[in-house]
Protein chains: 4
Amino acid sequence: MQAILDRIAKTIGASTERGQVATYIPDLAQVDPNQFGIAVCLANGQEYFAGDARTPFSIQSVSKVFAVALALGKVGDGLWRYVGREPSGLAFDSIMLLERERGIPRNPFINAGAIVTTDTYLAGSTPAEALGGLLRFVRDAAEDNDIHINDAVARGEMDTADRNFALAHYMKSHGNLSQDAQHTMGTYCHQCAIDMSCLQLARAGRFLMGGAAGPRLVTPERARRIQALMMTCGHYDGSGDFAFRVGLPGKSGVGGGILVINPGVASIAVWSPGLNAYGNSKLGTEAMEALAQELDWSVFS
Amino acid sequence: MQAILDRIAKTIGASTERGQVATYIPDLAQVDPNQFGIAVCLANGQEYFAGDARTPFSIQSVSKVFAVALALGKVGDGLWRYVGREPSGLAFDSIMLLERERGIPRNPFINAGAIVTTDTYLAGSTPAEALGGLLRFVRDAAEDNDIHINDAVARGEMDTADRNFALAHYMKSHGNLSQDAQHTMGTYCHQCAIDMSCLQLARAGRFLMGGAAGPRLVTPERARRIQALMMTCGHYDGSGDFAFRVGLPGKSGVGGGILVINPGVASIAVWSPGLNAYGNSKLGTEAMEALAQELDWSVFS
Amino acid sequence: MQAILDRIAKTIGASTERGQVATYIPDLAQVDPNQFGIAVCLANGQEYFAGDARTPFSIQSVSKVFAVALALGKVGDGLWRYVGREPSGLAFDSIMLLERERGIPRNPFINAGAIVTTDTYLAGSTPAEALGGLLRFVRDAAEDNDIHINDAVARGEMDTADRNFALAHYMKSHGNLSQDAQHTMGTYCHQCAIDMSCLQLARAGRFLMGGAAGPRLVTPERARRIQALMMTCGHYDGSGDFAFRVGLPGKSGVGGGILVINPGVASIAVWSPGLNAYGNSKLGTEAMEALAQELDWSVFS
Amino acid sequence: MQAILDRIAKTIGASTERGQVATYIPDLAQVDPNQFGIAVCLANGQEYFAGDARTPFSIQSVSKVFAVALALGKVGDGLWRYVGREPSGLAFDSIMLLERERGIPRNPFINAGAIVTTDTYLAGSTPAEALGGLLRFVRDAAEDNDIHINDAVARGEMDTADRNFALAHYMKSHGNLSQDAQHTMGTYCHQCAIDMSCLQLARAGRFLMGGAAGPRLVTPERARRIQALMMTCGHYDGSGDFAFRVGLPGKSGVGGGILVINPGVASIAVWSPGLNAYGNSKLGTEAMEALAQELDWSVFS
């Protein structure tokens, strides 16, 4: 396994066509595109990593996985009153379907759905308490207290969050936001600004994979269901393509990170800042495709 | 296993809330809604079935699985020039995204995409030859020559195919149909009108599951990829819900049949004519959910 | 003329089917639906009115006519870089086309377009100055200084403006708003909250009709162009219907007011709080249809 | 007037930027783009023309004006059960709104609406009878029997009508077409293929303008209403722009012709084959704008 990761880091990780780094937040725009990290936590407890696997990066939308687990922990299936479970077929920040479906977003992994998810775990708490609870969940999952929210990124997020504010206000206008839009958006932007390394992220993903390694934070049934959402909705309008090429459930973020689960076998995190046309890490996707092919990993075999 | 199937047939199969039988084709509208069948072919060659598992029904859109395998066999990845691999997020016969995406349908399992798939395996043949090839594929997969196209259903299909004709002409207008629309639609309507029983369908699905049982008609990689499409796109705008509740790749048809694969383990066919709001078999979905739960079957565990 | 207005006030104004009063702002929801006023200012200077023609009401979107005149006065045809001149075909607060057209609203008379118009005349001023300029324009047009902004309505507007905030933030995210969204929306909500009576509104509309009466605030060409916008876009997705039935350019507001111009002949204001399905005054539309028919008024004859 | 027309033909008619000739029908693609004609019939009976005003061209969608008059003559306001009266805000052949509005097209001047209009006047007749009735109406309007359908163009139309067939089948699937789609489309394609010169077309438009000249084929009210449709919907998604720039109701066709009415004053036809981005005659629009400005013609003054 170590040899495989080393080879992937050396070949794919050094590719000259690296995609485009997200530019809308100053702190993200300045990230060095020539970075690549990968880490694998096996169900038997073994860990492997290569490249910049210990460098923290902004996990951005990968945080939606932890947020949905937290919200389900709080309200259970009540969450599905506010958000659907279907792929959207459109871009991550599209507002069209929201009009069509009267303010109920398609799934918790597009921006609108994640904002509702945040709104759900925020209800009844202050933003500080809610974010404290989220960080605690992530730290418990990773068994690592050195995981933090990057305030500069969170502020940059807020300053450029007009599209997300539009989504939040739109849902609010349909009565599908319990908190003030400003309030929910502040929490959401901080949620997106969690910094983690590949190794931390792979460890934090173990609660989904089953097996002996890592803490047990959700029931097996809930873990399966979250993976189902990752498979059908985890890569925005590139979800079908990822399922087709990689065959494993994953969730990407515009920081260039992807968390992928091979159920019962492994939790994998890969990171490279450059993005493809769907807004998913270009080299990260290619690395996952290579890894899955090399190891014959697929939920469909 | 036999006991479980018997129990499911007895309880779920006898439910009083059976959904609505598709009414748009006279021959389908007359089907007795009080039927229910289920069949399981294990990878080790064992077969189990219960209820009306030997009664032939119109497989309708389940045929899209065989059609896409046939088209991939003919043109390989060239198919993806004409059709995408992403969930559509909209109803099976929606024409909206087709306008947005200039005549390229989202995936081969919504009607527009299936029409393009038919058009692809039809190219260079007469409809009779093309349909002969499709039937041969299905018969080989099921190892059963007693599988036929129901001409009355095919004709009824043609008579009520205005929505599908609209899709075909629309794609033709964007240059995404190689044959005459009338020509392709005739073949498509016959493709949908294949009659099979649950037992035949479960057997025909074995080429996707891997393992020793059944013929080997596609490479393991292609089988995985077709399952990925089934997982993300197999139940129209209820695909996410099926993945969430059942956790296995499947493909449904408006005749009330569903083909489901548990990779490396089983090929399952279930049938009950009444449909839920998404156009998928109501009791079939419930039966699959129960079966998967009972046996702890899920690709995500 | 007086006899005709009296008759219309007596018959249509007393109709029992009065539509639904807008409920989203508390101050509007409490308006007595049993009110009806109509006022006509002829190009020769004569004035006629009937019913509650001297009762002030919230002109709401009718203010968009004055706002567009003000913005055109400030930046001329530069306004059309930020907003189009085409009917939208959708509801007044739809966000769909805005996604399709990358933040450029269809026309200045739907909400998104009016927000951009406000943003344009606001640029370089404080909201107080900008609103002062707008009020001055309206007062000059009506030759009446007793026209004011209703602060309670403006505040209620702000409190329930989530849909409009969504539009503003969405346009901002596309770079089509020069001011902060909060800033522009504050001004926009006050603009909508101008109170006027039918008589005041009919007088204020004279600057569009041409002829000797009233002040000359825009060139004849600009007056014609504003009327063209009113004809094609003045009643949201009921614009075609109003043109078809009444045949005169008009602009409605959810307060139940409509300003209508018969070019070279008259400026007409009608008011009744109950709305039809398009969000236009039900009795107001009926009264205008009756008046136009009675007097054989139509730009198409 | 003659001097003005001569000057327009000499300057605008000789412009080097002439737009793009429609290419989808072979016979239209071969039309010499360097042609320009204009004709004016005044309400007092005087006629003026310049350029290629006696050269026949394919009137294409301008025929929709005569078709709607014919259909209204046959079923009266019953027509509005099958088609709306609102601008569509989208391209002439868009199918999106048709899905949204369940098969009821927005107005009779976009393709879908015109197909329904044809379907309406066709009901109960053979296509030959129906087309005979339409030709008779046009010939009566122009007081000229030398007006014919161009069979080569009609056939070319049919051969390339996939988009329109898609619209027809889509409406049929919603029950909004009384005839077989093939049947209605055949009639529709012949309707579009009427050949007329500018002079013939201007004469044929007199039934809408009122005044002493020309035959009286519809009531004044119906003439006004058809003009209202022309004003709000006559130039597809460029209707608002035409109203803004020209201020007169008009109807364009992809053959490059435009029929424009100045109510009570004139019927004008202009023709130049090159089209602008909306699919309306580029020089025709410019010529109408110049003519209206020169003569101070506008319904809004």
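In case you wondered, yes, glycine gets a Cβ from its N, Cα and C as well.
These numbers come from a predicted model, not from an experiment.
Take the substrate site that TrEMBL assigns to A:SER61, A:ASN111, A:GLU157, A:ASN164, A:TYR188, A:VAL254: the candidate from A:TYR48, A:TYR236 listed for it is A:TYR236. Maximum C-alpha to C-alpha distance over the listed substrate-binding residues A:SER61, A:ASN111, A:GLU157, A:ASN164, A:TYR188, A:TYR236, A:VAL254 is 19 Å. The most densely surrounded of the binding-site residues A:SER61, A:ASN111, A:ASN164, judged by C-beta neighbours within 10 angstroms, is A:SER61. With a 10 A radius on its CB, A:GLU157 (substrate binding site) counts 25 other CB atoms from all the protein chains. Around A:VAL254 (substrate binding site), the C-beta neighbours below 8 angstroms that are at least 6 residues distant in the chain are A:ALA22, A:LEU28, A:GLN60, A:SER61, A:LEU275, A:GLY279. Cβ neighbour count for A:TYR188 (substrate binding site) (all protein chains, 10 Å cutoff from its Cβ): 30.
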